[in-house]
Every structure is written in C-alpha cells, then in structure tokens.
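Pulled from TrEMBL, these are the features on record:
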{"type": "BINDING", "residues": "GLY13, PRO14, THR15, GLY16, VAL17, GLY18, LYS19, THR20", "note": "ATP binding site"}
{"type": "BINDING", "residues": "THR15, GLY16, VAL17, GLY18, LYS19, THR20", "note": "substrate binding site"}
{"type": "REGION", "residues": "38-41", "note": "region 'Interaction with substrate tRNA'"}
{"type": "SITE", "residues": "SER104", "note": "site 'Interaction with substrate tRNA'"}
{"type": "SITE", "residues": "ARG126", "note": "site 'Interaction with substrate tRNA'"}
{"type": "REGION", "residues": "162-166", "note": "region 'Interaction with substrate tRNA'"}
Amino acid sequence: MEKGNKYLIVIAGPTGVGKTELCIQLAKRLNTEIISADSRQFYQETELGTAKPSREEMSRAVHHLVDFKSIQDQYDVKEYENDVLRLLDQIFHVNDTVILTGGSGLYVDVVCNGLDDMPDIAPDIRASIILEYQKNGLKYLQDQVKLHDPQYFEIVDQKNPQRLMRALEVCRGTGQTYSAFRQKKKVSRPFQIIKIGLERNREELYERIDLRMDQMIAKGLFEEAESLFPFRHLNALQTVGYSEIFGFLEGEYDKEEAVRLLKRNSRRYAKRQLTWFRRDQEYKWFHPDDLHDIESYIKELTTIA
C-alpha cells in the first residue's frame, strides 16, 4: 500500500453536532466505508443512551465497529487501534479513502498518532486509588485529577472513573502529570490523514443536544437505562446518558432532576470534546451543512479525481 494515494478522512466533533448524516453523505459520494471512533457506541446493549446510528442510517453506508462488543467484554484502546489498522488495511485494498468518525478524542488520536508510552505503575498505587474511590466516590477522583493535572481534567470524560484513576495513578507513581506522557512523538502510518472538525455556534449546538435528549427520552431512554441498571458498575456504562438515570433509580433525586442533569452533562461533554479537538491544529473546521465545501477541501488535499 502506497502512503501517497491512501487517505484516512477523520470527521470529528462534539455530540449532537451532526457527524452521522454528514459522514453517510460523504461515504456515498466517495464510495467508501465508515469506521466508528465513538467508544460509547461499540456495545450492543447501549442504543439510545449513546445516540447510536439507527439501522436505517447504517443501511445507507457500511459502518464498522458499531454494536460489536458486549458491555461485559474487556476492550481497551490498544485493541481498538489494532482493530482499526486491520480494517484500514482491508478497505484500502479496495478504496483510496476511508472515513473515521466519532467524538472520543482518545480513540481518534490512537489511530492517527499511536498509543502513548505510559509508564508501569506499582500495583499498590492502583489498589489504593481504587479503595479511595470506593470510599469517597467519583467527586473525590474528579477533585484529585483537577488538582494534580488540570490540563487533562479539562478534556477527560469526567464521569469515567477508570480514566480518572488512570491519570491519578500516573501522577502519583511518577511525580509527573498524565498530560506530560501524552505528548510523545507521533508514529508513522502507511496512509495520509485529513482531519476535519464539525462545529456549530454554541446556542445552536446546545439546542440540538437538548432536543435530541428529549427525543431519546420519548423513545425509551429511561426504560433502557433501567434494563441496564444491574450492570451499572461496568465501565461501559460509566458515561453521560446512563449515570444520571442510575442516580434517579437509586433514589438520589427525582425524574425531573435526572432530565436536567442529562441535558446539562451532555452539554458539558460536548464542550470537553471541542476542547480536545481544538488543541490539534491539524483540524480544518466546517459547519456540518457545508458538504460541498468539505468535499472541495478533501479534493484539494488528495489525488482523487
């Protein structure tokens, strides 16, 4: 495979911005396939809470790495990197372009840049942090990471205890921030990468997020979360869209408050996603409705007729 004429087109952006429809249209025009970089959509049991593409949407273009794992499976970012590289090798034998899309910045980064070379941490440090989490809860982890690595705290999924504990153990085990280990040299890939970011003005984006949440609730989000309640301890469910409803089901607050938290936390999640992607100067930003301009930009950077 020659690097010069193979292109991975990254379509990134926050939740609710309109990535799904744009990518389907682009895939049809480029006659190619879509690989998901949304870690919340890997799992078969999570439908509404992750705003997964519908069956109708997925029938319009080939999608990979959606609905292919169980929430009870162990699946990490290194396995994801290997799966994507294997898929790219297969698809590039047929097509000159492939679309990678999602809002999980870590998963996009690992495909583009490789996995960061993180240090080994003594097991007793990890064990002590787990005990602290079990005793003091999620807010404690958030406060600790914010104190020791404020840069990473701004972009991490603050509802994900595994990510928070990982950052904290690196800080304690090395005396350096987790962010410092994430700034290594990029790996070389056998394809070129075009990074496109999708954005809307904040008011428009937040209105879309609130509307989509209302639609998800109407379709049965609370019922879906209730069916997953026995598995709420699993890492795959430690995310916006489920944790707020789990709190309601545990009697911490009423349904009205759960809805308020769902919308607020989804907006905050979108803000963190934008912070993550905007720190990468390689992205060219477009409104999702600007399909023609996006196509023109891709053609400028490729040898595709």
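Note: Cβ is positioned from N, Cα and C throughout, glycine not excepted.
Where TrEMBL records a feature, it is marked here on the structure.
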residue : record                                 : Cβ contacts under 8 Å, 6 or more apart
GLY13   : ATP binding site                       : LYS19, GLY103, GLY197, LEU198, GLU199, GLN273, LEU274, PHE277, PRO288
PRO14   : ATP binding site                       : GLY103, GLU199, LEU205, TYR269, ALA270, LYS271, GLN273, LEU274
THR15   : ATP binding site                       : ALA51, GLY103, ILE209, SER266, TYR269, ALA270, GLN273
GLY16   : ATP binding site                       : ALA51, LEU205, ARG208, ILE209, ARG212, SER266, ALA270
VAL17   : ATP binding site                       : LEU198, GLU199, ARG200, LEU205, ARG208, ALA270, PRO288
GLY18   : ATP binding site                       : LEU198, ARG200, ARG208, PRO288, ASP289
THR20   : ATP binding site                       : PRO53, GLU57, THR101
SER104  : site 'Interaction with substrate tRNA' : ALA37, ASP38, SER39, ARG40
ARG126  : site 'Interaction with substrate tRNA' : MET165, GLU169
Neighbouring C-beta atoms (10 Å sphere around the C-beta of LYS19 (ATP binding site)): 24
For THR20 (ATP binding site), the three-state class that DSSP assigns: helix
Sorted by sequence, non-THR15, GLY16, VAL17, GLY18, LYS19, THR20 residues with Cβ within 8 Å of centre, substrate: GLY13, PRO14, ALA51, GLY103, LEU198, ARG208, PRO288
DSSP three-state assignment (helix, strand or coil) for ARG126 (site 'Interaction with substrate tRNA'): helix
